[in-house]
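**Student:** So that we are looking at the same thing, I have put the structure below in structure tokens.
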Amino acid sequence: MYTSFHRIDLPRTIVVGGGVLDKAGGYVSGVAQRGSYVLVVSGPTVSSKYFERLRASLEAEGLTVGLKIIRDATVETAEEVAREALESRIEVVAGLGGGKSIDVAKYASKRAGSVFVSIPTVASHDGITSPFSSLKGFDKPISRPAKAPEAIIIDVDVIAEAPRRYNIAGFGDLIGKYTAVLDWRLAHKLRLEYYGEYAASLALLSAKHVSQYAEEIALGTREGYRVLLEALVSSGVSMCIAGSTRPASGSEHLFAHALHIVARNKPLHGEAVGVGTIMMAYLHGKNWRRIRGLLKTVGAPTNAKELGVEDDEVVEALTIAARIRPERYTILGEKGLTREAAEALARKTGVI
């Protein structure tokens with residue numbers, strides 16, 4: 001008898017287009033019963049711009065709406081939202097905003113047993129779709145199992161209004177799939193770790209798709225952002241299929257997490273991932289110059305100075321990256337890089 005299995009939870013509804021925020025009520029009602037209570041989790045800036053539009057659309061569909069404003073993405077905040085959802089018997093928790101709001105809503109909905117709806121206002125990373133959440137307060141800065149969204153509602157017009165830097169960070173996060181899949185294959189060969197070809201191919205397709213449209217994305221056109229968003233959704237779905245973050249997160253993400261620990265000035269997640277991908281592509285013997293060229297095309301950082309971090313911080317991050325998730329085998333090996341090897345890698349690739 002074949003006993004190996006894993007569960008795949010996928011979104012029921014994915015909508016990407018112009019003006020869809022004002023139609024969100026119809027999409028949310030498709031995954032919730034009429035009269036359901038929808039708790040919108042959002043930050044102060046985003047909620048002041050978009051909450052009233054979202055509420056009007058939800059209430060037009062007979063849904064009751066509440067707002068929970070958060071200021072950080074910590075376990076404590078997420079647990080607070082979960083308690084409120086449980087005590088008030090809230091059926092739907094919607095994340096409106098960037099990574100913080102979506103990660104908190106995602107985690108809280110799992111804890112409360114509520115339906116989760118993802119409504120991103122920036123295209124900064126693929127967490128808009130994935131069933132994993134990144135929160136501060138755990139022992140290590142890694143993604144934890146949460147809940148896949150039942151519905152994803154992405155208004156391209158809203159995304160286009162976001163600071164360009166955040167959307168370009170999403171490009172960096174997607175470029176990281178090139179090395180993430182290489183690391184996954186390596187772990188399969190050397191550690192007999194489960195490897196799913198379909199999930200890996202889907203993640204790679206996301207990276208290849210935005211690579212082909214790099215110039216359009218650089219221009220910040222609606223079409224360019226639509227391609228970026230669809231690729232982020234696709235990458236998130238690859239994690240749903242794999243049942244882990246493996247197809248989307250490898251050594252380049254370990255570097256990014258490590259850099260966030262050691263750097264005084266914190267770059268955006270996708271920015272750090274992009275720079276990490278340059279170096280990890282070199283270690284894999286791949287065309288790291290092409291990776292750097294793609295990042296330059298869209299205006300993403302390619303070195304420490306552009307990231308706003310110190311050279312020594314990059315080197316230190318490289319030396320501790322393998323210890324962020326010791327159970328996750330990557331090109332960095334079990335013990336990671338020595339300081340000498342880390343500095344040589346960063347210099348060879350022009351990161352420092």
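Each Cβ is built from the backbone N, Cα and C atoms, and glycine gets one as well.
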**Student:** Besides D173, H257, which of D126, D155, D157, D183 does Swiss-Prot list for that substrate site?
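**Tutor:** Candidate in the recorded substrate site: D126.
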**Student:** Swiss-Prot has D173, H269 binding Zn(2+). Which one of H6, H209, H253 is in the same site?
**Tutor:** H253
**Student:** Between the Cα atoms of S101 (NAD(+) binding site) and H253 (Zn(2+) binding site), what distance do you get, rounded to the nearest Å?
**Tutor:** 21
**Student:** Starting from the Cα of S124 (NAD(+) binding site), work out which of the binding-site residues (D173, H253, H257, H269) are within 10 Å.
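**Tutor:** Final answer, ordered: D173, H269.
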**Student:** Cα-Cα separation of H269 (Zn(2+) binding site) and D103 (NAD(+) binding site), in Å?
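**Tutor:** Roughly 14 Å, rounded to the nearest whole number.
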**Student:** For the C-alpha pair, I'd like the distance in angstrom between V122 (NAD(+) binding site) and D173 (substrate binding site), rounded off.
**Tutor:** 13
